[in-house]
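Let me begin by presenting the structure, written as structure tokens, before commenting on it.
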Amino acid sequence: MATHNVHSCEFEVFGRVQGVNFRRHALRKAKTLGLRGWCMNSSRGTVKGYIEGRPAEMDVMKEWLRTTGSPLSSIEKVEFSSQRERDRYGYANFHIKPDPHENRPVHEGLGSSSSHHDSN
């Protein structure tokens, strides 16, 4: 299948975004929009990530990252970088990368009732 009109960018969300299920909500939103890429907690207390998809869905996700997030999050600002148009997708789906400063697995599945302790 030929892929065209794929846009991508990196993002970093600042504010109270760790320990409030931000990554899990970002995963759900990205999957709902058909976006691909990843997100993860950073050692700086932010959530970083990469998204790729069609421009209209990318715009919706960027607005969600700026204004919505998870119910308990408090977003101060979002920085977008490395915005470009691509020939094809680089990822098969959207996923949560393991937390660099924790030593436990991250559950990526939606609706998993056994992972409520995840500190996103």
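Cβ atoms here come from the backbone N, Cα and C positions, even for glycine.
The structure displayed is predicted, hence computed values, not measured ones.
Features as listed in Swiss-Prot:
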- Arg23: active site (ACT_SITE)
- Asn41: active site (ACT_SITE)
- 96-107: compositional bias 'Basic and acidic residues' (COMPBIAS)
- Ala2: N-acetylalanine (MOD_RES)
- 91-120: region 'Disordered' (REGION)
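Asn41 (active site) sits 8 Å from Arg23 (active site), taking the Cα positions as reference.
DSSP classifies Arg23 (active site) as helix under the three-state reduction.
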